[in-house]
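Engineer: Attaching a single structure in structure tokens format; questions to follow.
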Amino acid sequence: MPADQLAPPERIPRGYAAALGVTSVAVAVGAGHLAAALVAPAASPPLAVAAAAVRLAPLPVVEFATSTFGTADKLVLFVGVAVVLVAVAALAGLASRRRPLPAVAVVVALGVVAGAAAWTAPSFAQLDVVPALAATIVGVMAVRWLHRGLLPVPVEPSDPSPADADPGTVTRRGVLHGSAALGLVGAAAVVAGGAGQLLGRGVGDSRADVTRLLAAARVAPAPPVPPGADLTAFGAPSVITSNADFYRIDTALRVPALSATDWTLRIHGMVDRELTLSFADLLARPLVERTLTLTCVSNEVGGDLVSTARFVGVDLRDVLRDAGVRDGADQLLSTSVDGWTAGTPTAVVLEPDRGALLAVGMNGEALPREHGFPVRMVVPGLYGFVSATKWVTDLELTTFAARDAYWVQRGWAQQAPIKTQSRIDRPRAFGSVPAGPVLLAGTAWAQHTGVERVEVRADDGPWQTAELATEVNLDTWRMWRAELDLGPGRHVLQCRATDRSGATQPEQRTAPVPDGAAGWHSVVVTVS
Ligand SMILES: Nc1nc2c(c(=O)[nH]1)N[C@H]1C(S)=C(S)[C@@H](COP(=O)(O)O)O[C@H]1N2
Ligand SMILES: [Mo]
């Protein structure tokens, strides 16, 4: 047989080529994720790229994403990044049927993108380039190794396959060899990625220790929720939201893994004395517990981005007074470990009866990691985006003229007190109820002002005053219930609250941007 007939077909079959691309990129991502868990938790390549996408996205896109996908927007983003990555990787593989160079080039380019994403993050530290570097090196090695393994082996005389097979046909030995190589690299990707995920989660998880410390600490407790404050039996939400049910809003694609031992808070800028507090310094100050209702500015009328917890912390006002706030410092700019910022009016934080906290505990335990472990800010009466910085590590006294915080740069308001709102929780929208007296129940909030009155009506009829539950405090939502006599058919139920300043919610619906939604909540029900 002439020697040239033994020459190996020099192209990888299409399916294998695509798999080469996808598997190589997968093991690169896995290696990057593992390297990140070891040296630079925030800089895992897929997380860094997704975070950069969030930073670069124009405001309308971000608004569309949050309004369309709600709190699932992060999942949608990750799935989006994954789909694009798989497509690019498969194409890179297909372009590399003869030579590995195109796939190598694509892996390097992806590495550069991941490196740039980490580099441009507001929280960039030098080690943050390591994961992208590790991913690139492992990805290039995988491409070259798989390419060698997947190029079909020469057809040997003893082989049962026809000797005149088309170039590009793989022999059985080639199939086994190629699948094994792909399987091996795929398994390495899963192991590395999984290890990265596990290690990343474990870093700094001293929550149980903090929970124990708080249980042993002397805390001025919040008055218990008074009898008559809860109307859960009638369908209103529970006054205290469990930590598991507490709404969560933030830009963190991976919850920062801080350790209470390593945490410090720097207080600087327009102050007389710059301060740096450790977690132990914080716990050495008087601890107080306060029941407070947090609300997100993105909450739509009738929405559920509002929850209440018993927060334990230290008075933020006292801490700022220790640092000595200079005249003219009208903005308290707080920064989280991942670079997110909020700007709070200094005057509000310094109000003696405001009760602003550097919070460390929530509902009897350390702050859950999703809610800011080990320390977050909470300022009663202000929307979260201007006050409730989680994973806070830096407080700068500055001016509103000098600095715009994260969401202000993206078109949201600089000043954002929570708007008085009310919500019908029962009956459920589009539910059906039997005819006769129909029971309505819900909640209303006017943090730091207090809820004076809630009214309900059906079908633009006369307003009827609801029965208010016992008040917990001015900073906490207030439950209500009412009864309306409704005949069979479709009805529109509405509610509106009046706060202690005498202001009644305006009827006019406005969108959450830039400073919170307004308008009356209404639900449509069928009485049968
Ligand atoms: N570090 C950080 N803190 C943050 C945010 C964020 O994106 N990053 N979002 C804020 C917003 S918009 C709100 S409404 C509250 C929500 O707090 P929660 O998730 O504990 O309910 O956190 C605030 N603190
Ligand atoms: Mo928010």
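For all residues, glycine too, the Cβ spot is worked out from N, Cα and C.
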Engineer: Among the residue ranges 47-66, 127-146, I'd like the one that TrEMBL describes as transmembrane segment.
Structural biologist: 127-146
Engineer: Can you tell me which parts of the same chain pack against the transmembrane segment (101-121), counting only residues 6+ beyond its ends and a CB-CB cutoff under 8 A?
Structural biologist: 20-21, 24-25, 28, 32, 40, 42-43, 45-46, 48-49, 51-52, 55, 85, 88-89, 91-93, 95, 128-129, 131-133, 135-136, 139-140, 143-144, 147, 338-339
Engineer: For the domain 'Oxidoreductase molybdopterin-binding' (254-406), what's the model's average pLDDT?
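Structural biologist: A mean pLDDT of 96 is what the model gives the domain 'Oxidoreductase molybdopterin-binding' (254-406).
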Engineer: Determine which residues of the chain contact the transmembrane segment (16-40) at the Cβ level, with the cut-off under 8 Å and only residues 6 or more beyond its ends counted.
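Structural biologist: The answer is 46-47, 85-86, 88-94, 96-97, 103, 106-107, 110-111, 114, 118, 125, 127-128, 130-139, 142-143, 146-147, 150, 170, 178, 182, 185-186, 188-193, 195-200, 203.
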